[in-house]
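Asker: Once you've had a glance at the structure underneath, I'll fire off some questions.
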Ligand SMILES: Cc1ncc(COP(=O)(O)O)c(C=O)c1O
Ligand SMILES: [Zn+2]
């Protein structure tokens, strides 16, 4: 018999139906999203495997059957970097960046992918499928190849950042380009996922196992700096904000913390259905989402109501930032801190500034920004910054130029 964490199941958010943890479906028959609730008792300390140098140190809290062979590339345990010279940091004294860009394929997606691909292989799937703005696709492709499975991705044509396209080429993904937005690609995958007997497994964050991996960033932050007052998260589809919150709620259940952080959701102003719903109380999808931050160019987030729940439950807040503010923060992180992130991740610094100015976040509060992806994902953005190379004829001239630039 395969052994699972006892008393756990896949549970539907909408109708409460329960399925075996090993069910091959990604959605409930009613169409609702599934989640996993761990039966956690109070613990003296976080159960960690200190020998593991990846997020699998939290294996005890990831409810896969014991005999699952893990498909790993060493994901997780990303750097938590204290902000120093950023100008906003003069207002907020204790701000950190959790640099998820240092994961194996350059984004936080690897956390969920290691878990869901491990299960996919165990269940005998031959192919994996996802809709993606690029990072899910890159991550899925790497882990699929590691597991010996076929990666099939649906992406919006012309709107995937160059670094991610290169990764898809490298891993040899089967790429299906949709003449439409991410939302349309997602809705296609959702329809296909209703075929539970298919040979492919949907590994978008609608798959509850993705969440079980992504939640581990909360455990890491807890181990590194305890409970921050605020976690600042860029929001696209809403899967990550929901995962991080799940991680903190589990720490509460374990009795390891007595209060969870407040969560600040940051969206790009041209793609901000969740931030708008937070303010107006009414959720309306955005039909043509627009922002240069292509990773969060999402108009109809699958997890929209979960993201709103996180903001309500945590006593959090939501802000929107425009492309100009995003680029300013992007450059500031690079040039004041040496941290190169995706534009979607730079929204966190821009959002922090707004929240401080609005009096939502206070200067003595401890803040962690979740920098979800690596700067190298977007060569087109970086190349726009440019520089003027100075041509010299010999070493002497080069020395002269150097002396002048030091002045
Ligand atoms: C770099 C980056 N940041 C943020 C997000 C948004 O995460 P979520 O869709 O889980 O809200 C994504 C999603 O693709 C991403 O790739
Ligand atoms: Zn249901």
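Any Cβ shown, glycine's included, is placed from N, Cα and C.
Curation plays no part in TrEMBL annotations; they are all automatic predictions.
What TrEMBL lists as pyridoxal 5'-phosphate binding site is 135, 236, 237, 238, 239, 240, 372. Annotation comment: TrEMBL describes 71-373 as domain 'Tryptophan synthase beta chain-like PALP'. Residues annotated as N6-(pyridoxal phosphate)lysine in TrEMBL: 109.
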Asker: Enumerate the residues of the same chain, 135, 236, 237, 238, 239, 240, 372 excluded, that satisfy the criterion Cβ within 8 A of the mean position of the Cβ atoms of the recorded pyridoxal 5'-phosphate site; list them in sequence order.
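Answerer: Neighbours found: 108, 205, 234, 235, 241, 295, 296, 298.
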Asker: Give the distance between the Cα atoms of residue 240 (pyridoxal 5'-phosphate binding site) and residue 109 (N6-(pyridoxal phosphate)lysine), rounded to the nearest whole Å.
Answerer: 9
Asker: Write down the Cα-Cα distance for the residue listed as 'N6-(pyridoxal phosphate)lysine' and residue 237 (pyridoxal 5'-phosphate binding site), rounded and given in Å.
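Answerer: Distance between the two Cα atoms comes out at 12 Å.
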Asker: Across the domain 'Tryptophan synthase beta chain-like PALP' (71-373), what does the pLDDT come to on average, as a whole number?
Answerer: 96
Asker: Measuring Cα to Cα, how many Å separate residue 238 (pyridoxal 5'-phosphate binding site) from residue 109 (N6-(pyridoxal phosphate)lysine)?
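Answerer: Cα-Cα, rounded: 13 Å.
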Asker: Can you give me the Cα-Cα distance between residue 236 (pyridoxal 5'-phosphate binding site) and residue 109 (N6-(pyridoxal phosphate)lysine) in Å, rounded to a whole number?
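Answerer: Roughly 13 Å, rounded to the nearest whole number.
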Asker: Starting from the Cβ of residue 109 (N6-(pyridoxal phosphate)lysine), draw a 10 Å sphere and report how many other Cβ atoms land inside it.
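Answerer: The answer is 33 other Cβ atoms.
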Asker: Looking at Cβ-Cβ distances, which residues of the chain lie under 8 angstroms from residue 135 (pyridoxal 5'-phosphate binding site) while being 6 or more apart from it?
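Answerer: Residue 135 (pyridoxal 5'-phosphate binding site) has long-range Cβ partners 105, 106, 107, 108, 109, 164, 295, 372, 373, 377.
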Asker: Once the chains shown are all counted, how many other Cβ atoms turn up within 10 Å of the Cβ of residue 239 (pyridoxal 5'-phosphate binding site)?
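Answerer: There are 26 such Cβ atoms around residue 239 (pyridoxal 5'-phosphate binding site).
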Asker: Quick one: give me the count of other CB atoms within 10 A of the CB of residue 238 (pyridoxal 5'-phosphate binding site).
Answerer: 25
Asker: Have a look around residue 240 (pyridoxal 5'-phosphate binding site) and count the other CB atoms within 10 A of its CB, chains all included.
Answerer: 27
